[in-house]
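Below is one structure, written out as structure tokens; comments come after it.
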Amino acid sequence: MTDSTPNPGAFEPCTAIEFSAKTLTDDSQANEAHIRRRLLKIVSIFVLSLSIIASASSHTLCAQPFKKDLGIKGLELPWLHSIITSGSFPFGFVIWLIIARGKIEVPSWARWRSYAVLAFFNAADILFGSFALNILPAAQYAILRGSSLIFVVILSKVMTRKQFNIWQYTAVGLMSVAVVLMTITDTTDPEKRRELLDLSGNKVWGIFAAITGSVFVSLLSVATQKLFAADQSKGDLQFVCQINCCQSFLATVMLLPIAFFTEEFHSLSTNLATISAAGFMPKMLWLLAGMSISAPIMLFANIGLTSVTSATFARSLGGPRRIVIIVMSWLLFNQEINVLTAIAALFMTLSLGIYIYGGHRLQQSKQSSK
């Protein structure tokens, strides 16, 4: 009679095959999940990058006629432009409500303190930028503000210990050259060239304000990146919306008291009456609406892209944005595109491509070292 009791030490082929199949299935599912996450990240980066380029370009194209082409001599409304830019948090709040499906998370006091720091950087950038733009010619302002990408790289190295390779440093250099080339296009006329090199009077304070504003906007980008890393909320859309709304709200609260004591604020009703009498009120309302809608989208996309990539990558999109502005200014405002402008646009495009390639090489080296 044969003993049918199973031997625990005996080899069971079916069990081994089932275990092997289960392992292969788990590995396959893990690979599929990794591919889906990577594809989602690529799509998110692409969509957010397009959103930044489109919204930032729209905001600039609306601001250009708002500041220059209303046709009223001596009319300057830089503070109104600044408040509209920072005070667009109601639109950001609506986006937050939609994404959160009406159930928003109220930030803790610790987060409010972090958002207050970000808002301070944002408000300081707007304040110094507005001051510099009122003093400096556009050429000087463009050169100095183009330094923000360099400051972001330096601050990222110091504050986040982010690694860069030679490709990314090359991209930063190309972007700087492109900014200089774009500025030279405005100085082919001897009178404009003398204006660019003029450092008399308040020009020194204007240069100081422009550089200081570049430092603050760089601090804003890097501090936002650190906030995502600390909260481990990388790619969390609700967290992005929360930062977007709270930061812009606090920045407006900081700017409004300062704007209240300016001459522009006390003359606002007179200026609006002048605009209305000249028949430019409908145009002004359309421009204000365009800036109010594009500003929260621009801020949301910047914060979102910083959360899934880095502060330096988000700042590097200034190149394509400037190209869009150049082309649209040519189409809308008949601004000339000369050879230097075309070369600068090529340098900007090349800079972005090299930076993306450098980031890809850096990721490959990190994975191979693990």
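Glycine is no exception: its Cβ is also placed from the backbone N, Cα and C atoms.
All annotation found in TrEMBL is predicted automatically rather than curated by experts.
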Transmembrane segment per TrEMBL - which of 39-59, 249-269: 39-59
Region pair the transmembrane segment (112-133) / the transmembrane segment (339-358), three or more CB pairs under 8 Å: no
